[in-house]
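These features come from TrEMBL:
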BINDING   B:Gly14, B:Ala15, B:Gly16, B:Thr17, B:Val18, B:Gly19  NADP(+) binding site
DOMAIN    B:14-127  domain 'Aspartate/homoserine dehydrogenase NAD-binding'
BINDING   B:Lys108  NADPH binding site
DOMAIN    B:140-322  domain 'Homoserine dehydrogenase catalytic'
BINDING   B:Glu193  L-homoserine binding site
ACT_SITE  B:Lys208  active site, proton donor
There are 2 protein chains.
Amino acid sequence: MTQAQSPIRVALLGAGTVGAAVARQLYARGPLLASRVGAPLELSGIAVRDLSRPRDLPGVPEALLTDRPEDLIDGADVVVELMGGIEPAHGLLTRALEGGAQVVTANKQLIAQRGAELEALAAERRVGLDYEAAVAAAVPVVRVVRESLAGDDITWIAGILNGSTNFILDMVARQGMSFEDAKDRAGELGFLEADPTEDLEGIDAAAKIVILARAAWGVPVRMEDVQREGISQLTDHHFDTARGTGQVIKLVATAWRSGTPESPKVEVAVRPVSLAGDDPLALTREGGNTIVIETASAGALRFAGAGAGGEPTASAVLGDVVAAARRVVAGRS
Amino acid sequence: MTQAQSPIRVALLGAGTVGAAVARQLYARGPLLASRVGAPLELSGIAVRDLSRPRDLPGVPEALLTDRPEDLIDGADVVVELMGGIEPAHGLLTRALEGGAQVVTANKQLIAQRGAELEALAAERRVGLDYEAAVAAAVPVVRVVRESLAGDDITWIAGILNGSTNFILDMVARQGMSFEDAKDRAGELGFLEADPTEDLEGIDAAAKIVILARAAWGVPVRMEDVQREGISQLTDHHFDTARGTGQVIKLVATAWRSGTPESPKVEVAVRPVSLAGDDPLALTREGGNTIVIETASAGALRFAGAGAGGEPTASAVLGDVVAAARRVVAGRS
């Protein structure tokens, strides 16, 4: 760090809740991030679909907004994708990786459905593809399974990975609200999308456990492999029965290894489970996420925190951006 | 990965409980580790003080043992130090870093007291110095504060970082044992050293919070900076008072930032604290460790698991070895 480093150019695709939070923090934490990376981070542009829409981006120059993502990507060291959806995100990230950029994304459906292909391309081009924010926001489980536990043999993963359904189930369990009232309340508070199918049917949780399973065991796992059951078929009768025995119903995503460590077979499931009241997963409150990872050597490790929200998700994205930028600096020498 | 990679030479310094577990797993998980690294790991030798002492190293060729650590270091890509103590560990790791080896250590007193100097040397020689196992065994808090949260602003860290004292306090709180009886029982079960001062006076926890604070904020923090109070002065009266109000006494290590994120001042403390019964730290049982990290964007993140033991500590060491070996492979291209 004895000579001044030229800036790392960071291109942002998407300026929704998470994108806006990432852009704001890139400015607000500029000196801090520069000291951690060893070079300044320069936001080279923000690609949006509709340039005329008003944005909540205090401190971010309006001239950075563009509706031409390809131009941004071609000049970037690090491409950060926060648009969501499969296309055009998939095409744009393929272009970024082929051009030799480091890629960071929070796009869980993209990584669940096309992650294996994108990871193979990243490996071929010797660049990083990081997606910590795609699972449990800032709860750092992706890095943990890919790096911290890379010397261990992970045997199973169980998690509460969808904050919306946990909020509903927690209101029923702890406040005695009826299931229907709890769903209405979650909708009013913005915990459910206008179309809540992805949450209630376990599709969101399924994408996240598919991502974790592939990251943990390095084998192909597809959305269709998930034995999936949501919470929409539950009734107050189920909740009364659980309560009567001191249990709590949670929507639990699980992945476990059969076969050998060297030649693993992986099974994945998302379903409502009745848990003992003092189970670490049962203690997950409101919109929180909890993940338990069991390994041959480390035993059971537990992780918990906010599973969604603009700022927590931005924290995970920025952690990946710092890692990507450090790789760019290391590659310059 | 299209061409065969020559092996990564791993030198092990120390063959105690953790060293033996690391050596065994390097053999048992050889193919798995090779696939994760992209090159085979070759244990090039194990340095021990006394060659005549019998070792529990099934599957490990006896010819690998040596009492000449310098020779091992000079031919190694990755040096793993599991001897403990300040010297000769400090001198040997200095030699390893100066020679351009990646270094992994589980030595908490060394990293707490001389970590800043060793990290500066590692940065100068552009090699890695990793020490996940020095704090909370396989609970991956060091990597989390150095990498996952590198884009965030950590405001405080609180943790139960000493399993031995937690075991004692948990027996008093949950089984109603007297403080004296609980100490005796912990000694019988091997949870306390022959000289239990390091645990009971909070010196072990102090070293760990010093390491976390420096990793989180990148500022010099010394053992002398810790406001430290152990549990040896507690009496049954303290425990009865806590119990009467539904509280639990725990030995809590804390670090918090004052000043600004760019120019942080850090304060560190270890002391017995009376906590509400449902506090995440209060729920730590037996020899477990729990760490809560609060940041500006992510909110409170919680981590828990076994805080000690040969296998959990080996898991953390091997995670660092894989990361170090991946750097060696990346540097070859």
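Cβ atoms here come from the backbone N, Cα and C positions, even for glycine.
TrEMBL labels come from automatic prediction, so no person has curated them.
Annotated features, which come from TrEMBL, shown on the structure.
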residue  : record                    : CB count, 10 Å
B:Gly14  : NADP(+) binding site      : 25
B:Ala15  : NADP(+) binding site      : 25
B:Gly16  : NADP(+) binding site      : 13
B:Thr17  : NADP(+) binding site      : 16
B:Val18  : NADP(+) binding site      : 24
B:Gly19  : NADP(+) binding site      : 27
B:Lys108 : NADPH binding site        : 22
B:Glu193 : L-homoserine binding site : 13
B:Lys208 : active site, proton donor : 25
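Here the domain 'Homoserine dehydrogenase catalytic' (B:140-322) has a mean pLDDT of 95 out of 100. Within 10 Å of B:Lys208 (active site, proton donor), counting C-alpha to C-alpha distances, fall the following of the binding-site residues B:Gly14, B:Ala15, B:Gly16, B:Lys108, B:Glu193: B:Lys108. Listed in chain order, the extra residues whose Cβ falls within 8 Å of the Cβ center of the NADP(+) site residues B:Gly14, B:Ala15, B:Gly16, B:Thr17, B:Val18, B:Gly19 are B:Ala20, B:Ala21, B:Val22, B:Leu82, B:Met83, B:Gly310. Secondary structure by DSSP for the domain 'Aspartate/homoserine dehydrogenase NAD-binding' (B:14-127): 57 helix, 17 strand, 40 coil. The two recorded residues, B:Thr17 (NADP(+) binding site) and B:Glu193 (L-homoserine binding site), show a Cα separation of 14 Å.
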